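According to TrEMBL, the record shows the following:
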| type | residues | note |
| --- | --- | --- |
| COMPBIAS | 52-64 | compositional bias 'Low complexity' |
| REGION | 52-73 | region 'Disordered' |
| SIGNAL | 1-19 | signal peptide |
| TRANSMEM | 107-130 | transmembrane segment |
| TRANSMEM | 250-269 | transmembrane segment |
| TRANSMEM | 289-310 | transmembrane segment |
| TRANSMEM | 322-342 | transmembrane segment |
| TRANSMEM | 348-372 | transmembrane segment |
| TRANSMEM | 412-434 | transmembrane segment |
| TRANSMEM | 454-477 | transmembrane segment |
| TRANSMEM | 498-516 | transmembrane segment |
| TRANSMEM | 522-541 | transmembrane segment |
Amino acid sequence: MIQRVALALLLAIAVPALAQDSAPEGDKGFESAQAGEATATAEVVATPAETAPVQPASAPAVSSETSATSEPSLDQRIEAMIRPVADAVSGFIFTSVRVGGTDEAPVMFPLIVGWLILGGLVFTLYLGFINVRGFAHGFRLLRGDFSSKRDAGPGEVSHFQALTSAVSGTVGLGNIAGVAVAITIGGPGATFWMVLAGLLGMSTKFVECTLGVKYRLEKADGTVSGGPMYYLSRGIAENYPGMKWFGWKLAIIFAICTMLGAIGAGAMFQANQAYSQLLNVTGGAEGPLAGNALWFGLAYAALAGAVVLGGISRIGSVTAKLVPSMAALYIVGCLFVILTNIGQLPTAVGAIFAGAFTGEGAVGGIIGALIVGFRRAAFSNEAGLGSSAIAHSAVKTRDPVTEGFVALWEPFVDTVVICTMTALVIIITGQYLVEGGGDGVQLTSNAFGSVVSWFPYVLTFAVLLFAFSTTITWGYYGAKAAAFMAREHKGVLYGFKIFYLFTAVLGCTLQLSSLVDIADALLFIMAIPNLIGVYLLMPVVKRELNAYWARLKSGQLRNFRDQPEA
């Protein structure tokens, strides 16, 4: 019964988006915070769009007098050609409906956010609050309690490496800049709803990653391929034979969106933002990096290539060290700011709850705070997009549901911990109340700088690590999608990786905001076929979960921590 009701609700959200030609102003991806578009808050999966791709310092400024007579640059010509397409695609996926406010300040609700959040709510209820019940067991799996070192099962990485690989793709600029935008627009109350959405997203991740492992393709050479492409095609065909064609179409749509989205959002945008942040902190147009966008891009691509070309095993090995280190660096910095202002902590927490429930949200009271918080979380932790299931599918295990438990920790780390830390830093320092205090990364930087003058440099280093980690993980996602389209052809797999790295260089040297806008929209289009398939297959997950719980309670699962291998 719940399956039918939920499907009706999900389709009720999706169909209006398909029927509407364009979105209202201010609610599509990669907005320009520099232009002060306070109502635009979409972001690329792990990274926000608060700052549109900047014109590299290597490109000379063109005055208004000369621009009318001089020939447009290559990137300007490309931009002019693809801007109409970008607007149409973004308008479709970020379609919004008015849910309150006034004519002067309407409160708009993006339908794609409803699609994502409702999915999380359905999975949470259907699986009996697995996000709460399975949380501690996920930690036990992470530390290896139930994993045999001799025969862990098919796969390429450990539970911990699979988690860090996925987290590296979600923990990005959105955790720094996206939260700042959420508070600027929705007030401190947006933080509460952001955390709640993160908790619901944990259930979505559980379902996605369990399915990713169950329907993955295990190859003779020991490598595996999994993710939505496989559970949409293989899972639907197995459980709904009459809908096999439908599953394949969903899988193809997902794979195409993943490839193109990875190029724009994972390579071009990340490299562009890494360069622009480093350029700004080293003196801007007068600094040593000015005019060296190409060289930075080549170095960035070379470092990323050293990891991406090594496949998931190397990505897992690198992220197992990189993710804990960069998360610890950022969390320690946040804790220092919070402890320095410890006397303001009760006031900050009070502001969060007051803004969430008493109408202090900046764009329409409680509704505005709720929408902004949900939107920021949905766009930050990728729950519902299905991308993380690609990384989790590479885990060494014989029980698919074990990776579902591990995946519960991903939205928790990304949204509940890191995003909340960022929010507390901004609220406790009061920087969001400062007139002209900036937004996005600048607001977060000001909050850190208000405590220690050199802290913004630490933040810049964190931004670079976050951007780099997102690039390497999304390179793997895009390559796996390309391999699926080419029936696992290795030449296509490596060919995509090389092209992906090339586009990272282009991201530093060209201003192609339209291309990145399209990529942004494509990433969220992934949520439509993915959630349709996940919803159809969630009874499979429930059976797997019930069988696993029964084996665990009966003692059939050996705890290698209590009973070490001989």
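Including glycine, each Cβ sits where the backbone N, Cα and C put it.
Situate these features within the shown structure.
Remote same-chain partners of the transmembrane segment (250-269), defined as residues 6 or more beyond its termini with a Cβ less than 8 Å from a stretch Cβ, comprise 30, 44-45, 47, 53, 169, 228-230, 232-233, 236, 386-387, 390, 470-471, 473-475, 477-478, 480-482, 484-485, 496, 499-501, 503-504, 506-507, 512, 515-516, 518-520, 522-523, 525-526, 528-530, 532-533.
Through the fold, the transmembrane segment (322-342) approaches residues 164, 167-168, 171, 175, 413, 417-418, 421-422, 424-425, 428-429, 447-448, 451-452, 455, 458-459, 461-462, 465-466, 468-469 of its own chain, all at least 6 residues removed from its boundaries and within a Cβ separation under 8 Å.
Within its own chain, the transmembrane segment (412-434) is flanked in space by residues 135, 167, 170-171, 175-176, 178-180, 182-184, 188, 191, 194-195, 197-199, 201-202, 327, 330-331, 334-335, 337-338, 341, 344-345, 347-348, 351-352, 376-377, 380-381, 443-444, 446-448, 450-451, which lie at least six positions past its ends and keep a Cβ under 8 Å from the stretch.
Here the transmembrane segment (522-541) has Cβ contacts under 8 Å with residues 3, 6-7, 10, 14, 29, 42, 44-45, 89, 93-94, 112, 115-116, 119, 122-123, 126-127, 204, 206-208, 210-211, 214, 228, 231-232, 235-236, 239-240, 243, 247, 250-251, 253-254, 256-258, 260-261, 264-265, 379, 384-387, 401, 404 of the same chain, all six or more residues outside its ends.
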